[in-house]
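Sequence annotations record features per position, and here TrEMBL assigns domain 'Glutamine amidotransferase type-2' to 58-305. If you look up TrEMBL, you'll see Cys58 marked as active site, nucleophile. The [4Fe-4S] cluster binding site annotation in TrEMBL covers Cys324, Cys470, Cys527, Cys530. Look at TrEMBL and you will find Ser371, Asp433, Asp434 tagged as Mg(2+) binding site.
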Amino acid sequence: MEALSPADEGAVPGTVPRAVPGAVPGAVPGAVPGTVPRAADPCSAEEPAGLTGMTHECGLFGCVATGDWPTQMDVAQVICLGLIALQHRGQESAGIATSDGNGRQNFNVHKGMGLISTIFNNDALEKLRGNLGIGHTRYSTAASSSLVNCQPFVVHTAYGPLGLAHNGELVNAQDLRRQVYERGVGLSTHSDSELITQTLCLDPPGGAGLRPDWPARIRHLMALTPLAYSLLIMDNDRIYGVRDLYGNRPLCLGRVLPEGTDPLACPDEDAEAWVISSESCSFQSIGARYVREVLPGEIVELSRDGVKSLATVERPGGQQPAFCIFEFVYFSRPDTVYEGQTVYSVRKESGRMLWRESPVDADLVSSVPESGTAAAFGFARESGLPFREVLCKNRYVGRTFIQPNTRLRKLGVAMKFGALSEEVSGKRLVLIDDSIVRGNTIGPIIKLLRDAGAREVHIRIASPPLKYPCYMGINIPTREELVANRLDSERLAAHVGADSLAYLSVDGLVQAVRHGAKTREENSGYCTACLTGKYPVELKW
């Protein structure tokens, strides 16, 4: 993915760099007029105006042991392993908060900057013993990359501590922030995540006995802000999982079964623990079994007694869900399951659709590893052309997207790949990638292939052109930086030195996503705002 992928920015597969959105077009139907004055963080921390770059999302993971407490399960270790499987969703910082569930006035918390494997050693995990806990891994730019913004956030309330991990961005954060200020509450960060905790604690006021009505407070929060968020909220002895009304951010449930148990024959009450995660790929690493996705607008409760669905908040006016379609294109791990199908299968189908829409006379098909590989397999199968690896990836080069200017980014791409001349010499080649953002790095890759003897290089992109900023927690560059707003396919092909270049259409991408979906129609719908300028809701700032 150009500027979002390992091919372009040197990121781990499934990652995306970050940006501050700029002016949004006013002439496009469904687009938001004017310039948005706040920057969007993958976990929603505001940034100083003027910074550019790319952002990604965050990863959430929670675990509640069932049965008698104290549990024999190492909950902190389970969460740590779950977060490692979600490392592609955030590589700047991570944290875990655990609770004994016995009414103590403190959670066990450990947070730090860097990769999960460097933050959580044996000593740290030993101090995180508990019967339930939540974890978070985060992506950010240098401006907001500091310990104060690490999650989970923990606040102390009249009813004890409350922990929160958040993936997404509140589209009306400034309005909510004003409401909190008007109630006399100060905020220590610009993070939407801290804003959520304060809103939960303030509204609605009061509570019954020793426990407030957290589900009612969560419903109130959901009424105040429609998207975009997946939340894990930890009370003393339970975790609430929350997905916004439009299901823009992913969240799913799994269960940990006794070793050697047949998952088909094991009832839910025999589960050793329940887990909740941004992606189902994290369940495999801890031996858990995928159960289902949390529905758009749903609030689920995980406790020692199991999982309950407490409520599903309806969308206004019977609107469709708006799941981020780029989870399929790039952000999620290929083995993650959404709507009853793996992300990998959707990417292969995108490659098939790409051939049907934009065939080309060539000798072989290849990909920019690894972001375009699944689509390339689909393209090759549909076209009957052979698939060959033509680029050798140097996995020891650092992430090139952190380089401060275009020249160094281009050098980083040249350092990251080598061309396999035996495969390409004298050949007409189709090279598949998942997207193009700035258009800075596909050119050097094409040059590598031509220097290795490729006779023709045709570029096919397994997603539509990116044209608009995202305000739901996955940020792409400003409109001015997005190359699709400056150059059409023919001019871009000339600019990067390709013999031809074509994108998958929006309809083609949606068809690929729907091809293997096993979700009821009312729970299925996709946000394509970055492609079409049509946002799920009207954004007011």
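Cβ coordinates come from backbone N, Cα and C, glycine included.
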Which site among Cys470, Cys527 has the most other CB atoms no more than 10 Å from its CB, taking these as binding-site residues?
Cys527
Other residues near the [4Fe-4S] cluster site, CB within 8 A of the CB centroid of Cys324, Cys470, Cys527, Cys530?
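Neighbours within 8 Å of the Cβ centroid, excluding Cys324, Cys470, Cys527, Cys530: Asn248, Ile325, Phe326, Met472, Ile474, Thr528, Ala529.
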Distance between Asp434 (Mg(2+) binding site) and Cys527 ([4Fe-4S] cluster binding site) at the Cα atoms, whole Å?
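Computed Cα spacing between Asp434 (Mg(2+) binding site) and Cys527 ([4Fe-4S] cluster binding site) is 17 Å.
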Across the domain 'Glutamine amidotransferase type-2' (58-305), what is the average pLDDT of the model, as a whole number?
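Here the predicted model's pLDDT, averaged over the domain 'Glutamine amidotransferase type-2' (58-305), is 89.
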In sequence order, which same-chain residues at least six apart have a C-beta under 8 angstroms from Cys324 ([4Fe-4S] cluster binding site)?
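Cys324 ([4Fe-4S] cluster binding site) has long-range Cβ partners Ala228, Asn248, Arg249, Pro250, Phe331, Met472, Ile474, Tyr526, Cys527.
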If you draw a 10 Å sphere on the Cβ of Ser371 (Mg(2+) binding site), how many other Cβ atoms land inside?
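I count 28 other Cβ atoms within 10 Å of it.
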Taking Cα atoms as reference points, which of the recorded positions Cys58, Cys470, Cys530 is nearest to Asp433 (Mg(2+) binding site)?
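Closest recorded candidate to Asp433 (Mg(2+) binding site) by Cα: Cys530.
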Here's one to test understanding: among the binding-site residues Ser371, Cys470, Cys530, whose C-alpha is closest in space to the C-alpha of the residue listed as 'active site, nucleophile'?
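That would be Cys470, the closest of Ser371, Cys470, Cys530 to the residue listed as 'active site, nucleophile'.
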Would you count the other CB atoms within 10 A of the CB of Cys530 ([4Fe-4S] cluster binding site), including those on all shown protein chains?
25
With every protein chain in view, how many other Cβ atoms are within 10 Å of the Cβ of Asp433 (Mg(2+) binding site)?
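Cβ-Cβ neighbours of Asp433 (Mg(2+) binding site) within 10 Å number 28.
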